[in-house]
Structure formats: structure tokens, C-alpha cells
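Structure record follows, encoded as C-alpha cells.
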Amino acid sequence: MPGAASIVAVLAALLPTALGQANQSYVDYNIEANPDLFSECLETGGTSFPDCESGPLSKTLVCDTSAKPHDRAAALVSLLTFEELVNNTANTGHGAPRIGLPAYQVWNEALHGVAHADFSDAGDFSWSTSFPQPISTMAALNRTLIHQIATIISTQGRAFMNAGRYGLDVYSPNINTFRHPVWGRGQETPGEDAYCLASTYAYEYITGIQGGVDANPLKLIATAKHYAGYDIENWDNHSRLGNDMQITQQDLAEYYTPQFLVASRDAKVHSVMCSYNAVNGVPSCSNSFFLQTLLRDTFDFVEDGYVSGDCGAVYNVFNPHGYATNESSAAADSIRAGTDIDCGVSYPRHFQESFHDQEVSRQDLERGVTRLYASLIRAGYFDGKTSPYRNITWSDVVSTNAQNLSYEAAAQSIVLLKNDGILPLTTSSSTKTIALIGPWANATTQMLGNYYGPAPYLISPLQAFQDSEYKITYTIGTNTTTDPDSTSQSTALTTAKEADLIIFAGGIDNTLETEAQDRSNITWPSNQLSLITKLADLGKPLIVLQMGGGQVDSSALKNNKNVNALIWGGYPGQSGGQALADIITGKRAPAARLVTTQYPAEYAEVFPAIDMNLRPNGSNPGQTYMWYTGTPVYEFGHGLFYTNFTASASAGSGTKNRTSFNIDEVLGRPHPGYKLVEQMPLLNFTVDVKNTGDRVSDYTAMAFVNTTAGPAPHPNKWLVGFDRLSAVEPGSAKTMVIPVTVDSLARTDEEGNRVLYPGRYEVALNNEREVVLGFTLTGEKAVLFKWPKEEQLIAPQ
């Protein structure tokens, strides 16, 4: 089994570096890493279950499964001395040996597979399935796939937990939006759309991890992160640890938080992570408006759900934010604002001082620890061996359909950007020898992105093609940003000249985009583009694979007629090489679509990444497909097929879909099965899709709404739904139904309220607007969601 880099080692190297990044837009705080933080904070997960059969806790209320989770947790916490209480306020909880409470590690990772676990060196528990990164999975436009992946991750996580190698909660999913293309962690997200994509991903992932909505017991505890307004690492020396992001109420409500509303209200996530950055002057982890007014009072966060600080974020409230006068006050401000658990050591190292200075009370600490243990109780932590999920073992990891699903997810996620007809390759063609060139040609762990555990196997493109019917010649040609030696490109050209067809596998990787590292530009690395141009000049058939999570400006390749095909492969996971080879050779047909905009390079050169305003103004050309006023290289939602599809309004759609709706009547309807009337479909956008080509293929679609209703400026369009039809045979047709909810038609006003405006609306199929359904909303405008007044309940100390 190919080895994978230890996530612990990666994070240990990464996080202190991140803490040391200076923020040149602020006072020079001379930021240094908290010297006490990482040795304890980074301990890998794993714990034993409390003994509720014969241990000291067995006769207490916490082991009484008939009692309410809150009461059980409160009873446990009441048994702790103040010192024991303090020692359980961080991610590395010490437990309380005196009463038989084991130590517990809150920090476990599950971004696209089990990670930050206590993996064995070989044999059982030595690996976990590594699925594609979320940016790739979302491109498949298959919500069922997201749920299936999360379900398998939770099964594997439970097996590790039952073996004492993992915890019951995970620091996933990352549901921030990929707003600016330079962001290093965009690969971890579902793309640039908040209302539809990020919210759908949040719902499907969280319910898959937790075992459903209102699951009892919870399978695992998901953590929605990073709340809120976090989408920059170190762009232009603006450190994520000290950034104060200026966000209007309108943008905060419309773009930076709706996915957290869905995660809390609809998916019933049991944990939320507050982010490093500040918003409008207040660090997120000491922001009572975020953590109490919005999350608990407005977003309907579950009772006793807990908030964890990002790792070191409580310390950052003091340094570099300077919001608190010292680390002790930073800890006090954060716990009182609503950060229940500190991923770090500011809480356990400083609460004695905070308590002595009367900045916190025992009740403040008890509230946070009670919330953590109430969630663990809901996950069966104190329920004994007969509790559901306690019988999941390594055999369940091995026997799940995980490896097949990992391949399926990779194959479904690959986007065909350009094709002049060269693809798919066929065995009847004259192509016998393929030159495989580039820094991704023999990629292994490179395909996993970040936050991964050791995979059971890694299939590179080279390995996959070597197992095909083609003769493969391989040379790297160039690395990601530099040539390995002075002759590497000339060697690649010689190899290419002797082949019938060339595949260049390149793009960007975690040497350019990752946590704590943004890109400085969105161009192809010059060394790679130079080699691609030389390969194109040979006049041989040339296929280019653009890999990595963030987009690069591929206009030179799009416009070069000697580049016959261009594929975006993202981070496709452990089976990525096989999926790419199968797409190229026609064993699978591409159907994915971009979930980010591919901007021209000038966009990142002239528009600062710290400008959080979505709407165009002055030098701001507008951000995301909703507001961008320029011409993208490839649009959000772009993706080609190997076959031809036609789409038409479904027969009878004119009667099924009314063309006029009165707002008062719509909002006055009964809504059985829905918590809120605005969650109901106003109409079903129904289209018939026919495969008029000669290849079986999946079909994906996005439904966009546009309107001039409400105040200017008006968005270009916005996404209200998507779907994927599987295996549409040549000559056959299938019907696609995309519900368009009442809420999806609302816009956000300057106060942050979601408002349904009267006027003319259109729902259109894909960017090409193959099918357009027009309708009118009549009557008076109506506020569907009232944004609360922004004020801090807790003053800084």
C-alpha cells in the first residue's frame, strides 16, 4: 500500500507557521505562535468508552439511558472539581480518572475520509478510504453521492472509534464558499455558490455523518465550519489569523451564512466551528452576535449543540486581533460569547486566572462542557456495548462498498472543458502509443488534496494507462513550478514526437494551494504553459488535464486549436488516475460541471481578495457568477458531454406550472411536511431530456433564476436547483424534475432580510438557457426571513 503523509506531521508544521504570519494591513503585532499550543492540541484522536456497567459512573445519572441528554450531561459535569472542569474545556480533554471519565479528543477529521486518527502501521486500521475533495464531489451534481460518501466515512469513523483510535465528532464539513479564486482552501469546499450548492452539500454530508436528521443515537457528530466569513489564508500577507473582514449585512445574510442556517435548522448539525478571522471588528470566536443571536436564537441550532473554536482561534482573539487585552481575557470573552470548546490550550491554561479575576464563573465553564457531553451522550458515548453502532468493526470498513464508491465519485466529478472530437479515444483509432507527460502524470498522494489519511491504494494516471490497451511512454517534463533539470523539457518533446498522441497532466497542487497558503495569481505555472505550448506546436493530438481545486486561466489552451481537449480533474482521490483514464478512453462519459468560475488572470491581479463585497462597485467587477460583470474563460456550470442531448419543456408543464402566483396566497398555503411555507416548492421545473447521440451518458443540469424584481442592482442569475440523470441511453429520453422553492426566489435586502418581490421571473436550464419557464409573482412584497439587529451581547475585556 502506498504510504501517505501523516496529517499530524503536516498540521504540526502548518499551524505554527500560520500563527506566525504577519498581517501587513494592521498594526504589526509581531505575531508568534502560542508556544504552549500544539504538542497537546495535536494529539491524535482515540479514546475508550466510559464504563457504564460496573465503573464509578455506572450508578450515576449520566449512565441512565432513560434520562434526557442534557440532564445526564449536567449530572456528570456537576461531579467535576473546578480543576477537572477546566481540564475538559479544550479539544484534548483530560477526563476525570477520579470518577472513571476517560480522556477525550474532540479533534478528528473527515473532510473526504477518516483522518487525524490513530492509524496502525499495517493491517487493521492502517488506512481509510480517501474520496475526492469536496470541490470535485460537488461538480458531479449528485446529492445522493454526497450522502453516500458521508455515510461510509461515518461507518469507518465509528469502527476506528470502537477500536479506541478516533472520536465521535469530526471537524467537517467545510461549507465556506469559494468566493475568490486564489483561496488555498477552496478545494475543501463545495464551490462558489452558497444558497444552493454549499447548503445542499451541508445537508447531505451532515445527515450522512450523523445518521439522519434527528438521529438517535447520532452515528457521529458533524461540525459545520468555518463560521463565518472565512475564505482567505495569507493573500498579500493578510493573515487569516488577524483578518478583519468587512462584510455588509446584505452579503453576510445572502452569501456568507445561509449554508450555516441550513446546517443548523434543517440538517440539525450538533457542532459548529467559529473561525480565525474577525468580521466587522469582532473575532468570530468572541462574537456573541454570531454565536448566540444568529446561531442559537435565529438559526435554530440544536439544544446543547456545541461550538468549537478553530485551532488556536481563541488565542488569536488576543494576538493578533488585539480584541482582548491578554490571553486570559481572550479565553473569558470567548466562553461567554458562546465558544464552548477551545481547540487549543487557552482555556485550560488560563481559566484559573480568568476565574480568579472574576471574568468567568463556574457556570460559564459548565455550560460549554455540558453541551459537549450532551452531544456525546446523543452519540451513545455512555450507553454501553448494546448501543447501536458499537458493533461496527474493521470488517465493516473492509466490506463496505467504499472503494467502488470512491471510483464512482471520481468518475462522476470530472469536467470536460473542451473537446474538438478527439475524445473519447477509441480502439479503432490510429492511436497506439501515448506520451504521458507532466507533474500530475504519476500523481499519487497528490490526488488527495489536503486533510487525508493513508489510503488503501493510490492509482495514478500512469498506472491506469499502463494497464490499458495503449503503449505508454512517460516522462515528467516539468514539475509544478520548476523544471527538474535543464533537459527535462527537451526530453519530453523527444518522447512526444515518438508517440501518436500526447497527454499532458498538470495544473496546480498543494505546493501552491492549501491551508495557510493562497495563490498570488491564477495563471498556469509558466514552466508548464511553456511546455504545453511546445507540445502543441508538434501538431500531434494533445489532451491537457488541468488538475487542482482552484481554477487557472486556461484561455491560451482554450484558444489554441492544437490543444484538442481540456479536462478539469480537481483532486479525484485514491482512484483518480483510473477515473481519468476511463473518461479519456470512453469507458466512462463525462457529465460534471464547474462549480466555480474560471476567471481571466487579470481578475486576480487587479481585484483584492480581501474585498468581501459581492456586488460590483467602483473597481470591484462583482464576485461569483451571480455578480461578475466580466467575461469568464469558462462559466460556472460549464461542462461538455461525449454525446448530444436535447432538452424541452415536459409535456403538460404548462398546466402543471402556473404562470402567475399571488404572494399572499402562496404564503398562506398549508405546508405539511415542511417546517416553513417558504421551503415548499412554488413549482416544479420539469424538462424532458433526450440523448440524440450515440453514447450512453449521464446528464446533469442546473436551474437558474433571473429577474428584475426588487431594487437594483440585480444579479445576473442565481442557482435554485440541480440534478443528475444516470445512464441515458442513445435514442432514449428521461424526465428531470427540479423543485423551485418559494424561498429560492427571494432576494436579500440591505438589512439582510430575505424578501419575496412581485415581478416577472424566469427559470432557465443551464447557461445555454435550453428551456425557459416564465412566471409572475403578484401582490405586495413579503419578508420571509428577518435578519436580527447586529449587536454584541458580551463586551470585550
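Counting begins at 1 with the first residue displayed.
For all residues, glycine too, the Cβ spot is worked out from N, Cα and C.
Noted in Swiss-Prot for the protein shown:
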type: SIGNAL; residues: 1-20; note: signal peptide
type: CARBOHYD; residues: Asn23; note: N-linked glycosylation site
type: CARBOHYD; residues: Asn87; note: N-linked glycosylation site
type: CARBOHYD; residues: Asn142; note: N-linked glycosylation site
type: CARBOHYD; residues: Asn237; note: N-linked glycosylation site
type: ACT_SITE; residues: Asp310; note: active site
type: CARBOHYD; residues: Asn391; note: N-linked glycosylation site
type: CARBOHYD; residues: Asn442; note: N-linked glycosylation site
type: CARBOHYD; residues: Asn479; note: N-linked glycosylation site
type: CARBOHYD; residues: Asn521; note: N-linked glycosylation site
type: CARBOHYD; residues: Asn617; note: N-linked glycosylation site
type: CARBOHYD; residues: Asn644; note: N-linked glycosylation site
type: CARBOHYD; residues: Asn657; note: N-linked glycosylation site
type: CARBOHYD; residues: Asn684; note: N-linked glycosylation site
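Least packed by the Cβ count within 10 Å, out of the glycosylation sites Asn142, Asn237, Asn442, is Asn237. Cβ-based crowding with a 10 Å cutoff singles out Asp310 as the top-ranked of the recorded positions Asp310, Asn391, Asn479, Asn684. For Asn479 (N-linked glycosylation site), the nearest neighbour among the glycosylation sites Asn87, Asn142, Asn237, Asn391, Asn617, judged by Cα separation, is Asn237. When the Cα of Asn237 (N-linked glycosylation site) is compared against those of the glycosylation sites Asn442, Asn617, Asn644, Asn684, the shortest separation belongs to Asn617. A count of other CB atoms within 10 A of each Cβ picks out Asn87 as the most crowded of the glycosylation sites Asn87, Asn521, Asn617, Asn644. Separation of the C-alpha atoms of Asp310 (active site) and Asn644 (N-linked glycosylation site): 47 Å, rounded to the nearest whole number. Looking at Asn684 (N-linked glycosylation site) and Asn87 (N-linked glycosylation site), their Cα atoms lie 54 Å from each other.
Across the fold, the C-alpha of Asn442 (N-linked glycosylation site) and the C-alpha of Asn521 (N-linked glycosylation site) stand 25 Å from each other.
Counting in whole angstrom, Asn391 (N-linked glycosylation site) lies 49 from Asn644 (N-linked glycosylation site) by their C-alpha atoms. Candidate glycosylation sites: Asn87, Asn142, Asn521, Asn617. Nearest to Asn644 (N-linked glycosylation site) by Cα distance: Asn142. The two recorded residues, Asn142 (N-linked glycosylation site) and Asn521 (N-linked glycosylation site), have Cα atoms 31 Å apart.
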